[in-house]
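Colleague: Would you mind keeping the following structure in view while I ask a few things?
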Amino acid sequence: MMLHIPEVLTPAQVSEIRQRLDAADWVDGKATVGAQGAQVKKNRQLPELSPVGMELGQIILKALVNNPLFFAAALPMRYMPPLFNRYEGGEHYGFHIDGSVRNIPGSNLSLRTDLSCTLFLCEPEDYDGGELIVADTYGEHEVKLPAGDMILYPSSSLHKVEPVTRGARVCSFFWLQSMVADDAKRSLLFELDQNIQKLRAKLGDCEEVVGLTGHYHNLLRQWAAV
């Protein structure tokens with residue numbers, strides 16, 4: 001499942017983060033990938049343990065905790081600290097698939113990368129190119145969102161970032177482990193949850209809505225690993 005989550009950050013939060021990032025020291029993005037990824041990656045990133053990046057990442061994670069659409073879709077269990085990248089002057093990232101397991105910096109924990117998240121920190125009109133292309137069974141999907149919006153998609157997806165030919169594309173990106181590893185089951189739960197919410201808004205907590213809510217939680221209880 002691929003999902004656009006609007007307004008994760010407010011304009012004020014985006015402005016604050018951009019001011020801090022514009023003054024930060026960036027490094028070659030190849031330093032954070034393996035040999036295969038380094039062959040197709042050309043961008044810049046903040047170092048994984050950058051104090052600025054870690055502080056700004058907490059702003060993003062706190063915003064997501066209060067986002068019901070994100071929680072319903074992702075059913076998050078564990079996060080990688082958000083990272084930050086910048087593309088300009090023709091920089092790009094060719095087709096690749098994210099690594100399946102990552103170590104969480106500064107801890108002894110690892111996570112399985114079930115979902116990938118890209119949060120846009122610049123407006124689409126600020127740069128040319130730079131589209132995120134995600135390929136799945138149904139073809140290639142082009143993503144270029146307003147500042148503060150996020151795209152959520154399975155980490156098993158082949159994806160790339162097109163060359164940026166004007167301006168700069170600045171984003172945060174990170175991975176998470178979901179309580180429900182299987183994307184099809186997670187998608188089913190999300191669709192069920194959204195339909196329950198719509199029915200509840202129309203009908204209130206009638207017997208049928210309560211029953212469907214029970215089915216949702218029983219499925220989640222059966223499939224979740226916590």
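Cβ atoms are placed via backbone N, Cα and C, with glycine included.
Not my notes, these are from Swiss-Prot:
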type	residues	note
DOMAIN	78-178	domain 'Fe2OG dioxygenase'
BINDING	H96, D98, H159	Fe cation binding site
BINDING	R169	2-oxoglutarate binding site
Colleague: Could you list the residues of the same chain, at least six apart in sequence, whose Cβ is under 8 A from the Cβ of D98 (Fe cation binding site)?
Modeller: T113, S116, S155, W175
Colleague: Using a Cβ cut-off under 8 Å and a sequence separation of 6 or more, which residues in the same chain sit near the residue listed as '2-oxoglutarate binding site'?
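Modeller: Expected: R86, Y87, E88, C122, Y127, G129, G130, V161.
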Colleague: Between the binding-site residues H96, H159, where is the Cβ count within 10 Å the lowest?
Modeller: H96
Colleague: Helix, strand or coil: which one is H159 (Fe cation binding site) in, per DSSP?
Modeller: strand
